[in-house]
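Trainee: Here's the feature list from TrEMBL:
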- S850: active site (ACT_SITE)
- K893: active site (ACT_SITE)
- G454, P455, P456, G457, V458, G459, K460, T461: ATP binding site (BINDING)
- 670-682: compositional bias 'Polar residues' (COMPBIAS)
- 705-714: compositional bias 'Polar residues' (COMPBIAS)
- 715-726: compositional bias 'Basic and acidic residues' (COMPBIAS)
- 88-299: domain 'Lon N-terminal' (DOMAIN)
- 760-944: domain 'Lon proteolytic' (DOMAIN)
- 669-726: region 'Disordered' (REGION)
Amino acid sequence: MLKLILSSSLHHRLPQAVVPPLRTAASPLNSLSRGGRLFFCSGSGDGADSEAKSNVSDSASDGAEETLSKASSAIVSTNPRPEDYLSVLALPLSHRPLFPGFYMPIYVKDSKLLKALQESRDRQAPYAGAFLLKDEPGTDPSVVTGSDSEKNVFDLKGKELLSRLHEVGTLAQISSIHGDQVILIGHRRLRITEMVSEDPLTVKVDHLKDKAYNKDDDVLKATSSEVISTLRDVLKTSSLWRDHVQTYTKHIGDFTYPRLADFGAAISGANKLQCQQVLEELDVYNRLKLTLELVKKEMEISKIQESIAKAIEEKISGEQRRYLLNEQLKAIKKELGVETDDKTALTGKFKERIEPKREKCPPHVLQVIDEELTKLQLLEASSSEFSVTRNYLDWLTALPWGEYSDENFDVTRAQKILDEDHYGLKDVKERILEFIAVGKLRGTSQGKIICLSGPPGVGKTSIGRSIARALNRKFFRFSVGGLADVAEIKGHRRTYIGAMPGKMVQCLKNVGTANPLVLIDEIDKLGRGHAGDPASALLELLDPEQNANFLDHYLDVPIDLSKVLFVCTANVVEMIPNPLLDRMEVVSIAGYITDEKMHIARDYLEKTTREACGIKPEQVEVTDAALLALIENYCREAGVRNLQKHVEKVYRKIALQLVRQRERIDATVGENTTQKENSALESSKPEQLGETSEEDDRVQIDVPANQSPCTDNQSTDKEVAKESEEEIETKTIEKVLIDKSNLADYVGKPVFHADRIYNQTPTGVVMGLAWTAMGGSTLYIETTLVEEGEGKGALHVTGQLGDVMKESSQIAHTVARAILMEKDPENTFFANSKLHLHVPAGATPKDGPSAGCTMTTSLLSLAMKKPVKKDLAMTGEVTLTGKILPIGGVKEKTIAARRSEIKTIVFPSANRRDFDELAPNVKEGLDVHFVDDYMQIFDLAFGDEQSKNIEK
């Protein structure tokens, strides 16, 4: 049986994992011998056979005393014998049960129990009972948790500990005690019968013997052979067990069936409950079957282990091979002089890159570069610090230190470029020309921060490109809309994985100059997240007093951004943080009126779109009426982005129409050409070849001498082709005409209708002027009577109004009552009427302090039962005393009034200057009145237009 297990090669020795290694030099197992045979320990084994081997004679014991005194004192005299111990100390085991014939070290934390074990050993009675501890109720033994139950094993005492112990355990000899470590050697099975004492726990035990079995039983032999065969297979795949087999057989002697079962279970990786089941089984056959199941499972685990090891070994060997080949390749290239090593090549590249800039580069930057180059030479190429230093040097040497593009200070050229790209925008163009003029007088230009504010689609971003072209500066754009990470502006620290510089450093590297034009888009839409406040980080970038020494977290060296021209864009200036707004010079772009949109569509959008669609100017004509209808009924926004989309839509449909016409003409001409060719072939018969007309003679004279005589057919083909071309020219594609009548066929039904709901405003209805982020618009304020009765005066407002407009309605109600009391003291309309004030388009939120005078006029119109005058619109906030406060968005509101064909507008007196600054074409044809008291509006809306109170 031993030969079967050891038939596989046992010369490989690996560290033991399951069973602690048995000491062979100082081991007590080597000190006991009888008749040339070594025994593991007294009483270890099964039945009568093990008992016979365990009884050591007195003479043998006396002869061994001298040897034992010299060797380890792990095993002492077995007189009295182990089976004579009927009460033993109970030792709880946490992980696995102790099998007969095996060592097990345990740690005893209970000082009283440790003292009792030491006393037992000193009394020449070195035996105790080792019993496996049951799992806590409700826990899964297969699940590993982070609990510290092992530390609390020896906290259990008395009956509580007894209830947690398995009944069947092992009589264990106390081999040695070192501090709190106790080495146990298993001898035979025990069963607890009752408790003797509680602290330390002492129990009465019965010594268990294996049930009798027939050694010659075929089934038993076959089972044991299968166990041995499986063990042998495991030994082939796992060398972990080989030392166990060698050491165990050296000290235990020959295998028997019970020992074979115990050995297989003890060294398997089964859990403690399965091992305890083997320990409790006294039937040798059943025990062998349980062990066979465990070693079979171990065999499967060994196969999985072998496959995993093989896969990892192949991966590692492949990487090692690749590494060796790369090293050999480097050595070969170095010997041949083909290529230098990586560090030398990198250092040379960085030095070559910085050399042209060395004179212009700041001294502190040169110092950092030289230090990093020295550091790079000392680092290993495989270290992580090497890659960090390499990337850092790559950025440092790539930046344009002291390199500036030559600016063009020609004001006339700049004016021409700005006019080519954009129509109108006088304020913006004037500011850029001022900047160029100052730069020309000084001989150099300084960086500025200009903020272009206005509705979407008015050309804020595109004008940034035009400014860069006019100044001959490099252009870089990045959007900060929704930006919530400060590292996007200031960069990451170099210690972070994947660290990169901020957007400004990336800009300088991309453009290659230190004085570009940087367009920061959507600066009013900055976010704020857990990674800091980008608006505060932008202060250092956009502050002229700070950006001369801008410090990026990644580069960690100051960068001069004082020559950079920053152009920011925003839709709503109020959304920009005040400290950031304070650093900017705001230039407002209110939007375009209809005339300006017509010019833009004709001179810019239509031309660009026509070229993009491949359409020639003579193939299409879009009338002014069609463009005007497109602007007023489809593209009423302040900007022209939507107008551009509609123009593109029109020209795409025109392109499809032209292509379809061309295909139809080609098909028609092809049929005609085929018919003419057939008729020409029929007319040129052989008998008619001799009869030629004068034209034929002329053709034949022109034919070269070396050409074949049958040229008539060729001349006929040429004539047919010529006639086909003439026919195509005569049947040219019809010119596409886009007029107001057929515009809907190209862009669909009109989106907008007239803002004017009423041709003549009824009683209680007044038109107001409003400002939105999309530009200006007109809106009606309507008031009607709901209920009338004594003391029922109240006001109800609707139309999704904000808090400011709700307060304005209450103020307007109070002012209207006061004015009505003054004008008509006997009129009790407001005191006895429940009124409903509504602002149409209820799905659109409305708020702002500019609707007070409009609401007051609407209430008074209803109370006096007099409609306001036709074509009148007003804006302004009213106080409780009737004063009119200034408003914003004068240009947008004026454009909205013109769009609705309003002739008379009322503005607060404080806004006179804003109106005077408007372009003449915006103010043309408007009758504007500036008021500072509501009574002037009252006289204008309900009285004589020539009233003296009206200031024009």
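Glycine is no exception: its Cβ is also placed from the backbone N, Cα and C atoms.
In TrEMBL, annotation is done automatically, which means it is predicted and not curated.
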Trainee: Beyond G454, P455, P456, G457, V458, G459, K460, T461, what residues of that chain have CB atoms within 8 A of the centre of the ATP site's CB atoms?
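Mentor: For the ATP site, the extra neighbours are L452, T569, N571, I589, G591, A638, G639, R641.
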Trainee: Between the Cα atoms of G457 (ATP binding site) and K893 (active site), what distance do you get, rounded to the nearest Å?
Mentor: 18
Trainee: Please report the Cα separation of P456 (ATP binding site) and K893 (active site) in Å, rounded to an integer.
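Mentor: That comes out at 17 Å between the alpha carbons.
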Trainee: Give the mean pLDDT for the domain 'Lon N-terminal' (88-299) on the 0 to 100 scale.
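Mentor: On average, pLDDT over the domain 'Lon N-terminal' (88-299) sits at 78.
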Trainee: When you rank G454, P455, V458, K460, K893 by Cα distance to S850 (active site), which of the recorded positions ends up on top as the closest?
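Mentor: So, of the listed recorded positions, the one sitting closest to S850 (active site) is K893.
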Trainee: Counting other Cβ atoms within 10 Å of each residue's Cβ, which of the binding-site residues G454, P456 comes out lowest?
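Mentor: Selected from the binding-site residues G454, P456 on minimum Cβ neighbours within 10 Å: P456.
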Trainee: Using a 10 Å cut-off on Cβ-Cβ distances across all protein chains shown, tell me which of the recorded positions (T461, S850) has the largest neighbour count.
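Mentor: Compared across T461, S850, the most Cβ atoms within 10 Å surround S850.
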Trainee: Between the Cα atoms of K460 (ATP binding site) and K893 (active site), find the distance and write it as a whole number of Å.
Mentor: 20
Trainee: Using a Cβ cut-off under 8 Å and a sequence separation of 6 or more, which residues in the same chain sit near K893 (active site)?
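Mentor: In sequence order, the residues whose Cβ lies under 8 Å from that of K893 (active site) (at least 6 apart) are L769, A770, W771, G776, T875, I887, I905.
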Trainee: I'd like the Cβ neighbour count for K460 (ATP binding site), meaning other Cβ atoms within 10 Å of its Cβ, all protein chains included.
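Mentor: For K460 (ATP binding site), the count of other Cβ atoms within 10 Å is 26.
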Trainee: So for V458 (ATP binding site), how many other CB atoms are inside 10 Å of its CB?
Mentor: 27
Trainee: Across all the protein chains here, work out how many other Cβ atoms are within 10 Å of the Cβ of P455 (ATP binding site).
Mentor: 23
Trainee: Least buried of the binding-site residues G457, G459, going by other Cβ atoms within 10 Å?
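Mentor: Among the binding-site residues G457, G459, the lowest count of other Cβ atoms within 10 Å belongs to G457.
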